[in-house]
């Protein structure tokens, strides 16, 4: 606790910068450009995430995948690495006079040292991308959707633990509304007579569920922390190493499968079609967009954006495959939109901003008092100087 030297009121000190700087160091002021960027990110993410399940559905043959999911993930990471290299080349050509090239050996070595933490989310993403295919093959589709809702609360808890992010009561209520809204939208897909969430009773199912919920949440939060903790680094440098690590982990998985199944598994293009190529391009663009989310926005906004993408998925499914839009869809999306407005409303952040302002005011008052104590005022200085001069001249005698 910090006590004000004027009014003697006590307030809590701000969180340690060494831990929380990855979130709030660059969030103290939100400019109009940042808001515009957030709108572009949300719109692009809604479009890409909305088409992803449709492309996965189109890539299935007889209810299964003819291609290796790991090969798809590897090609996605390679595509993202190529994009990062192209953007670094573009920036190097348009660098200012006297600036060091981003592709120079010293710049790459320095960026590699600063962003070594990105290997952690890269490994988690490699595991998660494979789990996406496994869950869709061996679990009820309704189960996958319902379980993915739990990521909202897991991400919020991880942000509070790792990023030291603070949520108001209104924001926790908004996250609960988000969970309810998504569940309302997806209750229509539960089959009649299914058990709670359609979960199998086998122990392996619960293990898959725990991994499916925890791994992507950890990946998102660690990715945001790693990107923002090196905020001054070029995002394309960070993408280069993040996707490079991801490609390396997926390639190691391909080699591991080839050892057990034979050299034929090394054919990463086996079983691919036009739909899978579109899926690779879509997921690569989605991953690139996510890096901008995590660095310049936050994980919660990304989750809301992915949820809003359900609107695009529902409408596209109705147009392309003749699926009907139920009342659950309309009610669920309405609750999600209300939740999003409540979470990002200024009313949910007033208390934190006011407390921060009080701390700055107390700090300013204390610094002013310390300066006053260190330097006497002008009147005292002039009186002391006059007294010193009179003592040197001695007493004045009448004429």
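Cβ coordinates come from backbone N, Cα and C, glycine included.
The compositional bias 'Basic and acidic residues' annotation in TrEMBL covers 385-399.
Summarising the annotation, TrEMBL assigns region 'Disordered' to 364-399.
TrEMBL lists 36-58 (among others) with the feature transmembrane segment.
The transmembrane segment annotation in TrEMBL covers 70-90 (among others).
Residues or ranges marked as transmembrane segment by TrEMBL: 169-187 (among others).
The transmembrane segment feature in TrEMBL is assigned to 199-219 (among others).
Panel annotation: around the transmembrane segment (240-260), residues 68, 70-71, 73-74, 77-78, 80-81, 84-85, 88, 111-112, 115-116, 118-119, 121-123, 125-126, 129-130, 223, 226, 266, 268, 287, 291 of the same chain, lying at least six beyond its termini, place a Cβ under 8 Å from a Cβ of the stretch. Here TrEMBL flags 240-260 (among others) as transmembrane segment.
Look at TrEMBL and you will find 275-294 (among others) tagged as transmembrane segment. Long-range contacts of the transmembrane segment (275-294) within the same chain, counting only residues at least 6 positions beyond its ends with a Cβ under 8 Å from a Cβ of the stretch, are 37, 41, 44-45, 48-49, 51-52, 55-56, 58-59, 67, 72, 75-76, 79-80, 83, 220, 223-224, 227-228, 235, 238-239, 242-243, 301-302, 305.
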